[in-house]
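Below is one structure, written out as structure tokens; comments come after it.
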């Protein structure tokens, strides 16, 4: 029996049917599945500006496939626009709002399935969390990646603009060049074009089996993206008939597959946070140490920005995520028996994919000739992060750094010091009170890290924080330090000039202060005053878990 029969069947549901008739239902529609189309369309950001067209095509395809679509909106936040401002505190919060809104609409209206369409970073994990909670047949349609901008024969992304700020302040470029980068780095619709957070999470969702093959790397403005949205609707209607549900796909093995692909493509640190959160909603026992275990086995085989050369549309041309998955599968690094939304296994889905990457490209390397022999997202532990933290270590020349702490209580204070050239080679920059509770909202530190890179210090300093990093960040950066400063983590006890060791080889992050001194400082530490007592940020700060647990708000 369809779940929607609760609102469509029986004499007592005559008023319900009357409402449905007013939005287009006819007599013969009340026995059809009702599919919610969660539309993240927004003119706030280029990531989402093209979504309505995809939603309309998915809606039409749903009808043709024998189901009844009901479209509703959900929010988005533009990380790129809010970056470096107080507004960025709402970014991670929006993941929870998106999840809550999709769950609310679908469950309130007794929908039989949901097709979610998203573009910007938090759209993907937000939709996945909702799908896992509801466990009704579901599929995700990614809005697509942006094509690269061009200037002087070079590919540009939004990160180019952030780095240009640092280049300008250090005298490496003129203001005219900065404006030229600004005008050319984002040429149209789509999510930020490197293997940043949005493209990382879309790749993870494709690997998990909840979006169609190749769909995670398509360009937003290409015709195949429309065709993919239409086909997604048909596949979802079929999944309802077969009763294929998200929790049939979201297993420990499938999450291990997703982590492996994130490592192979050189994906964002945010994947750690989001996959932990999705797993929690799925009832899957995934922990931060699983990322380190898989990192040790899976090499980086894709040369993608931010630390590499190419952008996501180049990956698509080279074979996309299916090609990456095939290489991992043949190497024994992927579980082939995991189910996909199409009702077939990973093995079956990849059976016709070549066992070697195309010879006429340099985006995907053979598994035997990786770009890096191990994954790039290392989990470090030590007295500065007893619950762990995440370091992005690909493309860095300084995997070990011991230096004096430069301590900042906010992102703004740190950026000001960087732009005033107060950061020296060998420094360990500490930005604290930016965690899930302390921010609140765990802002991304793209502005400081890009300014550092722009000044030529990207491989000469380390930056550690209880906040997050954008998927566009590279260099020796360590985020998600847990416990965070605002709940009394040892990062709160760091003083200016303390020596800190960051050792990616030993997976160590250590404050070189003895326990006796730390205990003394701990007794003197005072919990910071709550920054937001009301509104969504106040509510979030009261509810949110540690970043080591995914920074979720629906913990029992």
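Heads up, the Cβ atoms here are built off N, Cα and C, so glycines get one too.
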Same-site [2Fe-2S] cluster binder from 47, 287, 302, given that Swiss-Prot records 120, 192: 47
Recorded Mg(2+) site member, picked from 79, 155, 176, 498, that accompanies 121, 122, 444 in Swiss-Prot: 79
CB contacts for residue 79 (Mg(2+) binding site) [other CB atoms within 10 A, all chains]: 30
DSSP state at residue 79 (Mg(2+) binding site), helix/strand/coil: helix
Chain-internal residues, separated by at least six, CB under 8 A from residue 120 ([2Fe-2S] cluster binding site): 40, 45, 47, 48, 76, 77, 78, 79, 191, 198
Near-site residues: [2Fe-2S] cluster, ref 47, 120, 192, CB cutoff 8 A to centroid: 45, 46, 48, 78, 79, 80, 119, 121, 146, 190, 191, 198
In the chain carrying residue 121 (Mg(2+) binding site), residues 6 or more apart in sequence that have Cβ under 8 angstroms from it: 47, 79, 91, 191, 196, 197, 198, 201, 270, 471
Other CB atoms within 10 A, centred on residue 192 ([2Fe-2S] cluster binding site): 31
Alpha-carbon spacing, residue 192 ([2Fe-2S] cluster binding site) to residue 470 (active site, proton acceptor), which is rounded to whole Å: 11
Cα separation, residue 444 (Mg(2+) binding site) to residue 470 (active site, proton acceptor) (Å, whole number): 5
